[in-house]
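Q: Below: one structure in structure tokens.
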Amino acid sequence: MNLCSSGATASTTSLSSTGQAERSGGGGVAGGGGISNGGGGGGGVTGSGGGGGGNTSDGLSEATHCFGGSGGGATASGPEETINAISPANGGGASGAQQPSGSNGQLHNENNAIMPPETRPKMVTVKHPESNKPKPTTKKSKPIQADQDVIKALQRCRDEGIKRLDLSKSSITVIPSTVKDCVQITELYLYSNKIGQLPPEIGCLVNLRNLALNENSLTSLPESLQNCNQLKVLDLRHNKLAEIPPVIYRLRSLTTLYLRFNRITAVADDLRQLVNLTMLSLRENKIRELGSAIGALVNLTTLDVSHNHLEHLPEDIGNCVNLSALDLQHNELLDIPDSIGNLKSLVRLGMRYNRLTSVPATLKNCKCMDEFNVEGNGITQLPDGMLASLSGLTTITLSRNQFTSYPTGGPAQFTNVYSINLEHNRIDKIPYGIFSRAKGLTKLNMKENMLTALPLDIGTWVNMVELNLATNALQKLPDDIMNLQNLEILILSNNMLKKIPNTIGNLRRLRILDLEENRIETLPHEIGLLHELQRLILQTNQITMLPRSIGHLGNLTHLSVSENNLQFLPEEIGSLESLENLYINQNPGLEKLPFELALCQNLKYLNIDKCPLSTIPPEIQAGGPSLVLQWLKMHSPYRQM
């Protein structure tokens, strides 16, 4: 999309498909103006002089598209140009020189005499930084005139009575005043442009219902916009507004207002006038206080004030009884008002990453909530029985707080829950029977707590699919783990486990088993029964050998046994046809690799750093893992297979 003010003759801005703009100076390229920051008069292309010179800048290549100066110049086009500029000694431009004549192709003067070399015109090639190959002027593309195109689009809109006009993503900087003629428009899309301000004539669009101005550079709005008294949706996301423009408060027909990602620091009391709002987004601004006016917006169903600097919410928030989604995450909230309990239609309440130390007991009235998330606060306990009252909850996230025990309320609080996240707290035990009613529980995250043992009824968690117990102080894995036959992901890294029970082999659906950084010395033979296993992580343990049954793990793609005490790898490792990544680095006792490793046809990465492989020549090891694999293949008895 191209822009140009009506009647312009001395300057044209064109936007190419690459997004570069070419603008004219006062004179031609060869005559009146220079391309490379030229000034003065009578200069050539290189910018040693030239009146009204053009200039280049990062991301914006400028060149003339009009004639001027002492002698008109050749025009340039595209991000790379070859400009044949003729610059006689008298300072004349390209148009002042004669073209070559005669069959021999030599240049002649006005008397048809051959011109001596010292007086011949110079051929100058200009290459822009973006190009390695100059482009002849004769192949220049026709400039696109952005301004003219906008004017034409508005004319067509007026003449054909178009009601929906989309000028988005067109690099527009100015909306012409002729927009006033398109009074029939109901939808106007100007998003993703470079508009710094709107013309007052925008107020003539009295039938406008949807106005999308997001992703521009607006710092204000014209007062005339108040005449658009049928406007329902106004999108101002990603602009440069330092305040909510006062005219917005007079657009009382608004139902949806997006102000996300601006520079707004305050919300005026006049907000109370927008009583028809159902959706208000003030996300990602710099707002420190949300006044009582918010309570007047009784029709709100969605309010997003996340990613601001709020420390408190007004009690009046409780008047917004139709709210179904309230997003408060990533603020600096110290408390939540008791009036939050009035929001009985609330389904989603985002309170993540604030400075809360508690939540009000009145939240138990919000029985429509299906998710409870207070991650990243300083909460030590929840009100008694609150979670049990919220019987519709399916997801509970209490991670990164200061909990020392499970919330009070017993098994009833997890009846319909399928996901519980208590990561990064200070909980030292999981109460016996706490999940006895949680028949749908499939995901439990207890990472980074202080667990020393697992409850005796762990065998009843039969529907568990993902269990994360990493970074605790577990010393033993109960035999009853065998009952978790739906388990697909088991993460036990960074604990104090010395062995894995034989019953691990019953977890036939297991895809990921992470035992990194424990004290394990041996693995049970039954590990080979985990036929669905794709990732086995054993690094940083005390393992001296892998069981031969590991060769039965036909779906294994990732095996990490680095930082152990391996003396050898079993020959059966060659049966791992799906293996792609093998880490055996930092095993100080590993002196040789089995030739069978060469049978792993899909192996893409092999790490053997700090392994004293005495049977493989040093120059082969120095060549890297790929060369090692080639050597194994060449010396393998299976090389003909």
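Our numbering is plain: 1 for the first residue shown, then up by one each step along the chain.
Each Cβ is built from the backbone N, Cα and C atoms, and glycine gets one as well.
The compositional bias 'Low complexity' annotation in Swiss-Prot covers 1-19, 96-106. For 1-146, the entry in Swiss-Prot reads region 'Disordered'. The compositional bias 'Gly residues' annotation in Swiss-Prot covers 24-56. Annotation comment: Swiss-Prot describes 161-182 as repeat 'LRR 1'. What Swiss-Prot records for 184-205 is repeat 'LRR 2'. Per Swiss-Prot, repeat 'LRR 3' is recorded for 207-228. Per Swiss-Prot, the feature repeat 'LRR 4' maps to 230-251. Annotation comment: Swiss-Prot describes 276-297 as repeat 'LRR 6'. Feature annotation from Swiss-Prot assigns repeat 'LRR 8' to 322-343. Feature annotation from Swiss-Prot assigns repeat 'LRR 9' to 345-367. Taken from Swiss-Prot, the feature repeat 'LRR 10' covers 368-389. Among the features that Swiss-Prot reports, repeat 'LRR 12' is placed at 416-437. The repeat 'LRR 15' annotation in Swiss-Prot covers 486-507. Marked as repeat 'LRR 16' by Swiss-Prot: 509-530. According to Swiss-Prot, the feature repeat 'LRR 17' maps to 532-553.
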Q: Residue list, the repeat 'LRR 2' (184-205) vs rest of chain: Cβ under 8 Å, 6 or more residues beyond ends.
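A: Contacts of the repeat 'LRR 2' (184-205) (Cβ under 8 Å, skipping residues fewer than 6 from its ends): 157, 161-178, 211-228, 235.
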Q: Can you name the far-off residues of the same chain, 6+ from the ends of the repeat 'LRR 17' (532-553), with a Cβ under 8 Å from a Cβ of it?
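A: Residues packing against the repeat 'LRR 17' (532-553) from afar: 488, 493, 508-526, 559-576, 578, 583, 589.
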Q: Under an 8 Å Cβ to Cβ limit, what residues of the same chain, 6 or more beyond the ends of the repeat 'LRR 6' (276-297), are close to it?
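A: For the repeat 'LRR 6' (276-297), the far contacts come to 237, 252-270, 303-320, 322, 327.
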Q: For the repeat 'LRR 9' (345-367), what are the same-chain contacts with Cβ under 8 Å, counting residues 6+ beyond its ends?
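A: Same-chain contacts beyond the flanks: 301, 306, 311, 321-339, 373-386, 389-392, 397.
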Q: Mean pLDDT over the repeat 'LRR 3' (207-228): what is the value?
A: 98
Q: DSSP helix, strand and coil counts for the repeat 'LRR 17' (532-553)?
A: 5 helix, 3 strand, 14 coil
